[in-house]
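Visitor: Below you'll find the structure I mean.
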Amino acid sequence: SFEGRVEVYHDGKWGTICDDQWDDRDAEVVCRQLGLSGTPKALSWAHYGQGSGPILLDEVQCSGNELSLDQCKKSDWGQQNCDHIEDAGVSCDPFTGTDLQLCQSDVVGRTPYYGAGSAEGTVRLAGGHSPSEGRVEVYYNGDWGTVCDDGWTDLGAQVVCRQLGFR
């Protein structure tokens, strides 16, 4: 799973984090610490349910560049003024922020094209030197269009490669 309530282990016990000051920069650090590369999103008010046991951290304020929560500005361990209804959560979902976005552009007439068909959502590669490279184009509403690179990641490229029959 790529999302859930954030729990930390300290001094021999697991506990939750209060959502005071909790934002996407904190979520970015959690996702990085977990080795997940999706678009980080902070969630508050026990979005993933209330935890039990101690609330171990409060007032977490990361810059977003830290490697772990321990490097972020925060309250002392165990110092908090919260209830579990304020348990912090994160989503590191690799599918958020990577949707293919059609740009407003005319059909590009360059060949060769790799990929077949003209069904809605069909992808092809255009202008590459081999069948496994090129500009990604998508068939939509009767026309071929290019794909904006905003939010484009290796995951999007992997999906296109699989759609075209590559590994």
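Backbone N, Cα and C define each Cβ position, glycine as well.
Below are the features I grabbed from TrEMBL:
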DOMAIN    1-93  domain 'SRCR'
DISULFID  Cys18-Cys82  disulfide bond
DISULFID  Cys31-Cys92  disulfide bond
DISULFID  Cys62-Cys72  disulfide bond
DOMAIN    123-167  domain 'SRCR'
Visitor: Taking the Cβ of Cys62 (disulfide bond) as centre, how many other Cβ atoms lie within 10 Å?
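Guide: Other Cβ atoms within 10 Å of Cys62 (disulfide bond): 23.
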Visitor: Would you find the one among the disulfide-bonded residues Cys82, Cys92 whose Cβ has the most company, meaning other Cβ atoms within 10 Å?
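Guide: Going through Cys82, Cys92 one by one, the largest Cβ count within 10 Å is at Cys92.
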Visitor: Quick check for the class: what is the C-alpha distance, in angstrom and rounded, between Cys62 (disulfide bond) and Cys18 (disulfide bond)?
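Guide: Distance between the two Cα atoms comes out at 14 Å.
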Visitor: Can you tell me the CA-to-CA distance separating Cys92 (disulfide bond) and Cys72 (disulfide bond), as a whole number of Å?
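Guide: With distance taken Cα to Cα, Cys72 (disulfide bond) is 19 Å from Cys92 (disulfide bond).
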Visitor: Between Cys31 (disulfide bond) and Cys72 (disulfide bond), how many Å separate their Cα atoms?
Guide: 14
